[in-house]
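Asker: Once you've had a glance at the structure underneath, I'll fire off some questions.
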C-alpha cells in the first residue's frame, strides 16, 4: 500500500497513533515546561539519498537516527528532552509501511527518554525529507556551551569515535570486513544505525557543574570538527592524543591505520560528547 | 552565484546575519520563556512545486508565507510568538540570492512581531524544502481550542476569505481579471503572497476570554474546513450565512458566483481566524 493510495488524511490517522492522545487536534501543541528552567531548541533536516538510503538505513533506523541527532544536540547543551515535532515531505510512491516503521523507530528511542512527538506536518514531495525539531529544558547553571574552554583543561570524550563511519562502510561495501566476528560487526552496524544520544550522562555532568564549568558539544560532525569548533569558540588550542582513544586500535585491527585516523577524527555521526573539564578527577564519569 | 559555489559553510555565514548574534554557535538555542505561561509549538513544511513556485511566489514571499503559516497557528491557539527555527533542504543549483531574499521575507514578517530565527539546519536536496517550527507562549486561561464550541454560539471570522485563492488564480493565469482595477488586483495578490497572521487580535481575544470561552482555529485549509473541524472536535453542527461574508460579492463581481463560493469556502491559505463566541456583543473586535 502506497501513500498516494490512502492520501494525507489516511496517513495522518496512522501517524497520530504515535502521538499522545491529548495533544492531537488543535493548530499547535501546548506544553508545560518546568518554570525554573530555560528552553532549548534545535532542528535537524535529513534528506533521502543524502543522509540515509535504502542500502544503509532501514526506515526504523531512519526514524531512530533523526531523533538521536536532535536529542544529542540537547545533551550537548546539558538539557533534558521535553518534546519533538516531526515535519515530513514524502514521496507518494513510498509505502505506508515505510512511514510506519520510521515512526516506530522514532517512538522507540523517544520512549527510552520519556519524550513524545507533539506535533508536525506531512506533505508530498518527490524527495523524502524528515525535519525534526527537539525541545529541551535546562537549569541555567547546567548549560554546556562551546565558548567557555580555558587553557590547561582536559578534553574528555564519551564512548568511541569512528564506529558509525565504520558501520556505514560495512553497509556500503558488504564484501568488506568479512573477517570480522559477527559480534564486532554488529557493534559497527549498531553505531551507525542506532546511535545513542548521551542523555544518560546528564545527571553526572550536572553534578560536576555544581562546582565547576564544563565546556563542550556533540561530535555529530566528527571528533576533529568538535575540537576545532570548541577551540574557535573559546579562543584556545588543543592537542589530541590519538593513542588514548581505544577505537583507533580497534578500527586499525579490522580496517587500516589510515582509515582509523580518518574515521575517528572526521567520520562523524557518533553523537558522543566532547567535553573540556577544568580539573582532573580520578573517575570522571 | 549558486549555492554549490559557496558551499554549506559559505551559505551558513550569510544566513547567520539574519539571526540574533548571541544565539549562534552552540548545538542548540537557549530561550527564556515567561515562567507563568505555557509553551505552544507548531511545525509547517513547504515544498517547491507543491506550496510555492517561481511563477506565483518570489523568494521573499516564500519566506514570508512560511513564517505567516506558523504564526497563524500560534494566533489560532491564542499564543504570542517566542521564536522560530528554520530547516532548509536546498538544491545546489539555486542562487544564493534566492536564499537571501527568502530570509529577508522571513525577517520582515518576524520583525513585525518582534520574533527571531533562533536556530535551524541547512542541507542539500534536489527539491527545495522549507520546514519551520514556531514556538509561542500563552497563559493557560487564554488558550483557544477547537473542542469547546457549544450550540447557540456565533461563528465570527476575521477578515476576508477566498482572497488568497483569487490571488493565486491571477498569478497562474495572467490573462484573467484584466478588467480588475490595479488596486483591487493588488489586494488579491497581496492576500496570496503576503498574508497577515492575526496576532494583532490577540489582546482583544484575551480580554474577551477574561469572562467567557472562545473556541476556534485558523482558516489555513479554508473556511469550510475550519468550520467542519471545529464542529467535529466540539460535537456540534453549524450554519454558514454566506451572504454575511463580504468577499463573496467581491469575488463574484470580478470572477464568478461559482468561483466565489468555492474560493471562500475551500480556497484556503487566508490565515484568518474562525471563532465561536458565546454571546453577542455590539462590536466584537
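Glycine too: its Cβ is placed from the backbone N, Cα and C atoms.
Automated prediction, rather than curation, is the source of TrEMBL annotations.
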Asker: Just to be sure I read the record right: B:27, B:73 are listed as binding Mg(2+) 4 in TrEMBL. Which of B:42, B:43 is listed for the same site?
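Answerer: Between B:42, B:43, TrEMBL records just one in the Mg(2+) 4 site with B:27, B:73, namely B:42.
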Asker: Given binding-site residues B:146, B:221, B:269, which are under 8 Å from chain A when comparing Cβ atoms?
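Answerer: Correct list, in sequence order: B:146.
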Asker: Take the domain 'PurM-like N-terminal' (B:25-138) and count its residues per DSSP category (helix H/G/I, strand E/B, coil), listing them in that order.
Answerer: 35 helix, 45 strand, 34 coil
Asker: Sequence gap of 6 or more, Cβ distance under 8 Å: name the residues on the same chain that satisfy this around residue B:221 (Mg(2+) 5 binding site), in order along the sequence.
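Answerer: When sequence neighbours closer than 6 are ignored, residue B:221 (Mg(2+) 5 binding site) has B:268 within Cβ distance under 8 Å.
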Asker: By DSSP, what is the split of the domain 'PurM-like C-terminal' (B:150-256) into helix, strand and coil residues?
Answerer: 57 helix, 9 strand, 41 coil
Asker: Provide the number of Cβ atoms within 10 Å of the Cβ of residue B:103 (ATP binding site), excluding the reference atom itself.
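Answerer: Excluding its own Cβ, the number within 10 Å is 21.
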Asker: Applying a 10 Å Cβ distance cut-off over all chains shown, what neighbour count does residue B:44 (Mg(2+) 1 binding site) have?
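Answerer: Excluding its own Cβ, the number within 10 Å is 24.
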